[in-house]
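These features come from Swiss-Prot:
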- 7-70: domain 'HMA' (DOMAIN)
- C18, C21: Cu cation 1 binding site (BINDING)
- C28-C65: disulfide bond (DISULFID)
- D163: Zn(2+) binding site (BINDING)
- C219, C221: Cu cation 2 binding site (BINDING)
Amino acid sequence: MTANADFYEATYAVPMHCTDCTDDIKKCLNGITGIKDLQFDISQQMMSVNSCVAPSVIINALRDCGRDAIIRGAGKPNSSAVAILETFEDVDLKKDTAVRGLARIVQVSDQKTLFDVTVNGVPFSGKYQAKIHSNGNISEGVKSTGDVYYKFEEPIECSDASDLDKSLYSGQNFVSAPLPIWDLIGRSFVIFREGEPAYDIAGVIARSAGVWENDKQVCACTGKTVWEERKDALKNNIK
């Protein structure tokens with residue numbers, strides 16, 4: 001378990017209709033170390049989690065129990081961000097997606113920010129490294145993102161089979177950096193494989209909602225419900 005300073009609140013949309021549902025959700029999450037408190041709003045189908053646990057761990061645990069979940073906000077206002085990580089190789093978008101990972105980011109103290117990094121669909125197994133580059137210009141892939149601004153020490157072990165294709169690989173890690181959120185917005189988040197063959201994916205770090213800042217059920221832009229948008233996201237490998 002991490003230090004108390006690493007605890008943060010996150011809200012999730014989870015289908016629920018009664019106390020039997022919330023009891024089942026509690027049972028699903030019971031075995032996860034690091035959860036301090038769970039709160040439920042059945043009328044809004046929202047769950048609040050105070051923990052030091054990666055959001056991907058919460059979501060995957062619920063999916064293993066047959067329940068879907070969408071993270072709706074994390075941390076205090078202006079303390080969260082996200083980066084959708086894409087490959088810059090040629091991809092037939094009619095059959096595939098360029099998305100190969102996701103970084104969910106939340107600041108937990110003045111000089112500590114947590115990064116929940118998921119990689120899914122890389123062609124080579126092994127250790128991948130994460131780093132932040134100085135700018136968010138991904139027009140030419142990683143080579144146009146500028147100098148390395150911060151490099152994480154902990155690798156991401158990508159040795160699990162990807163659910164995109166059995167010949168591809170996936171991995172996850174929960175890492176931290178002594179950087180505030182405001183200093184990350186607009187920069188690029190890069191995952192790369194050292195050695196040969198080399199491989200990298202990247203995305204621009206963008207601000208996301210803090211806890212209880214996003215409780216909409218229908219998107220004003222598309223008219224789709226959050227669950228319809230969730231299906232679209234899953235099709236595009238955003239999990």
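Backbone N, Cα and C atoms are what each Cβ position is placed from, and that goes for glycine too.
Location within the structure of each feature annotated in Swiss-Prot.
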residue	record	CB count, 10 Å
C18	Cu cation 1 binding site	9
C21	Cu cation 1 binding site	16
C28	disulfide bond	19
C65	disulfide bond	12
D163	Zn(2+) binding site	13
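In three-state terms derived from DSSP, C18 (Cu cation 1 binding site) belongs to neither a helical nor a strand segment and is classed as coil. Residue pair C18 (Cu cation 1 binding site) / C28 (disulfide bond) shows a Cα separation of 16 Å. Across the domain 'HMA' (7-70), the DSSP tally of helix, strand and coil residues reads 21 helix, 20 strand, 23 coil.
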